[in-house]
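Below: one structure, written as structure tokens.
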Amino acid sequence: MSNHEKMVLTGNQGIARGFYEAGGLLAASYPGSPTVEILDSIKDYEEVYAEFSTSEKVAFEVAIGGSFAGVRSMASMKHVGVNIAADPLMSFTQTKTNGGFVLLTGEDPGMASSQNEQDNRILGKFANMGIVAPGDSQEAIDYTKAAFDLSEEYHLPMMVNITSRVCHSRTPVVLGERKEVEPRVFEKDVERYCMIPPHTHPLQHSMKDRIDKLKEFAYDSELNTFEEGEDKDTLIVTSGLLYHNLKELDLNLSIYKLGMVYPLSPKRLQELSQKFKRIIVIEELMPVIETEIKMMGIECEGKKYFSFTGELHTEDIEEGLKKAGVITERTTTDRAPVDSVKRTPLFCAGCPHRPIFDILKKLRKRVIGDIGCYSMAMFEPFQASDSIISMGATVGITKGMTKANALTGKSEPLVSVIGDGTMFHSGLPGFVNLLHQENETDNMTFIVLDNRTTAMTGGQATAASGNYTSADDMHVDIKTFIQAIGHENVVEVDQFDYEATKKVITEETNKPGISFIIAKRPCALKFKIQENTFYVNPNVCIGCRNCIKTNCPPIRMKKYHNIDKLKSSIDPSMCAGCSVCAQVCPVDAIQPKGQHPDHSKKGSAKYKRQEYQKMKLNNEDQNEDPK
Ligand code: SF4
Ligand code: SF4
């Protein structure tokens, strides 16, 4: 991409470009929608160090290190990731930033891909950060650059607060030049960088002073713009994408558009309030700007006309303005609900998680789930997860439920499932915690689903990806790691060996104590695994649907020519050749392509597993790198 070139970028690409043009040198992140593409895009700039860390807290700390060392640094994450990073965040904002520091947070109004909806402007204010909120891709570039400049000028970490709609929509931008920023020197200054009393007391005051200076900057900053319209009674205060949604209504209103949403300039708002009879704030989620203005003693309205949840589309804004009496007629109609076919999310063909959940369902185990693509186990047909709260929470919840059951005289073996990425992210402290207060009545089985990737966010590496990806070759052996903590009972299984895995899960969940099962199969989608495909012989199939219940997308019941009853079939273009369906078929109707059922071989599940192992070995010989 050359300078001054016009192009169309997503908001996420705009943030990445802004980081590059600002002279950013270090970026760290943990993958999460809607912001995952920011770091993926930054990785394309060779001048920059960029890493997906094991959690948002670690990413934030890596970026703190970059700033301490004097370079422009950014940590990017989805909104809930900031909760994980909140501990270092709340202390770091007390220090005077050395190299410019930006925390990028991606909000998800409407929760398209998140477990909750939270407004991180509140966290930014809580942490005493300046906050800018871009509304399109050009602003994503410009505001990121401005945030780095402000961070260095005012020695404050800045928050760039972006919403999922802006992250993913594409708008035109003009590319600028990269500014080479001379790294600042890190000088020993314990009063500035060591967050212990008595240093923290004066730093609290200096942090507030720095925010007050930023209020002065906000007074006539180009980030905040005032447009005088024909309506001289009402002033609309808004920011980000909502400004563009409002402009679509072509209402000729007076608008104060905030690029910097925190802090606001009290002086500026006092002046504006003198000119207008009413101030109406339009903002998504929480009434953050509205509350700030009210705290200045200035009357304003907002949330009573607009929803506190979800996105505010142009139609919602128009409806709110009509409720407020700013307009009398509407030109748009309410958004018609999108008439889409309801589809339950599915595990992919050949997904190594499916046999695990099929087994857990058949064994009727209570399963405490976690965040990752395996969260889909809560849906039909598995319905095998009883709880999903937040990243890594399964471990503590499982322990808490076990202890509560013991206190109330109940006894129930609990199974906890956690992905490899989630385990490294925030499951490990829970694993250590299990060793406190362990007693012989505990019966907890932790299944680590090691598919060598964070599949849900597009296949970024995990600490265990190791030789599966050359891009990031850290290789932590999960079994060794868990044993090193002090857990003795750790078993590895190949979950494509269905019967053996079922036997291990049955044994481990039945015996008392804490056990770990590591299910080791790489993600079929990420590593494009397609071994020999399987087919159904309809003349042998008895239509029992055992294979269908494994929930693999290529399998369906269909009508064959000259056969009355519905029989199973497999779409070969989708089959990844994992053999699980063949292993659950009671009559050997499912066979590897190119082979014909040999019904003389009784006990054929074993036979098929042997065939499958042979096939796998052949494949590994032919292609050692499963990418
Ligand atoms: S072998 Fe069966 S379970 Fe495995 S991917 Fe093919 S159809 Fe799905
Ligand atoms: S499990 Fe076997 S017999 Fe049953 S429907 Fe599937 S292919 Fe047919």
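For all residues, glycine too, the Cβ spot is worked out from N, Cα and C.
According to TrEMBL, the domain '4Fe-4S ferredoxin-type' annotation covers 532-560 (among others). With a cut-off of 8 Å between Cβ atoms, the residues of this chain six or more beyond the domain '4Fe-4S ferredoxin-type' (532-560) that come close are 346-351, 354-355, 357-358, 381-382, 566-582, 584-594, 596-597, 599, 615, 619.
As annotated by TrEMBL, [4Fe-4S] cluster 1 binding site applies to Cys541, Cys544, Cys547, Cys585. A coil conformation is recorded for Cys585 ([4Fe-4S] cluster 1 binding site) in the three-state DSSP classification, outside any helix or strand.
Marked as [4Fe-4S] cluster 2 binding site by TrEMBL: Cys552, Cys575, Cys578, Cys581. DSSP assigns Cys552 ([4Fe-4S] cluster 2 binding site) to coil, not to a helix or a strand. Long-range Cβ contacts of Cys552 ([4Fe-4S] cluster 2 binding site) within its own chain (separation 6+, distance under 8 Å): Phe347, Ala349, Gly350, Cys351, Arg354, Cys575, Cys578, Val580, Cys581.
If you look up TrEMBL, you'll see 566-595 (among others) marked as domain '4Fe-4S ferredoxin-type'. Predicted-model confidence for the domain '4Fe-4S ferredoxin-type' (566-595) is 92, expressed as mean pLDDT.
Annotation comment: TrEMBL describes 592-627 as region 'Disordered'.
The compositional bias 'Basic and acidic residues' annotation in TrEMBL covers 608-627.
Using a Cβ-Cβ cut-off under 8 Å and counting only residues 6 or more beyond its ends in the same chain, the domain '4Fe-4S ferredoxin-type' (566-595) has close neighbours at 348-350, 352, 354-355, 358, 496, 498-499, 524, 529-538, 540-550, 552-560, 604-605, 608-609, 611-612, 615. Here the binding-site residues are Cys541, Cys544, Cys575, Cys581, Cys585; the one with the fewest Cβ atoms within 10 Å of its Cβ is Cys544. Long-range Cβ neighbours of Cys547 ([4Fe-4S] cluster 1 binding site) (same chain, at least 6 residues apart, Cβ-Cβ under 8 Å): Val536, Ile555, Ser568, Cys581, Ala582, Val584, Cys585, Ile590.
By the rule that a residue counts when its Cβ sits under 6 Å from some atom of ligand 1, the binding-site residues Cys544, Cys547, Cys552, Cys575, Cys578, Cys581 yield Cys552, Cys575, Cys578, Cys581. The Cβ centroid of Cys552, Cys575, Cys578, Cys581 marks the [4Fe-4S] cluster 2 site; residues of that chain outside this set whose Cβ lies within 8 Å of it are Ala349, Gly350, Phe534, Thr550, Pro554, Ile555, Ile570, Ala576, Gly577, Ser579, Val580, Ala582, given in sequence order. Taken residue by residue, the domain '4Fe-4S ferredoxin-type' (532-560) breaks down under DSSP into 3 helix, 7 strand, 19 coil. Ligand 2 lies under 6 Å from the Cβ of Cys541, Cys585, out of the binding-site residues Cys541, Cys578, Cys581, Cys585.
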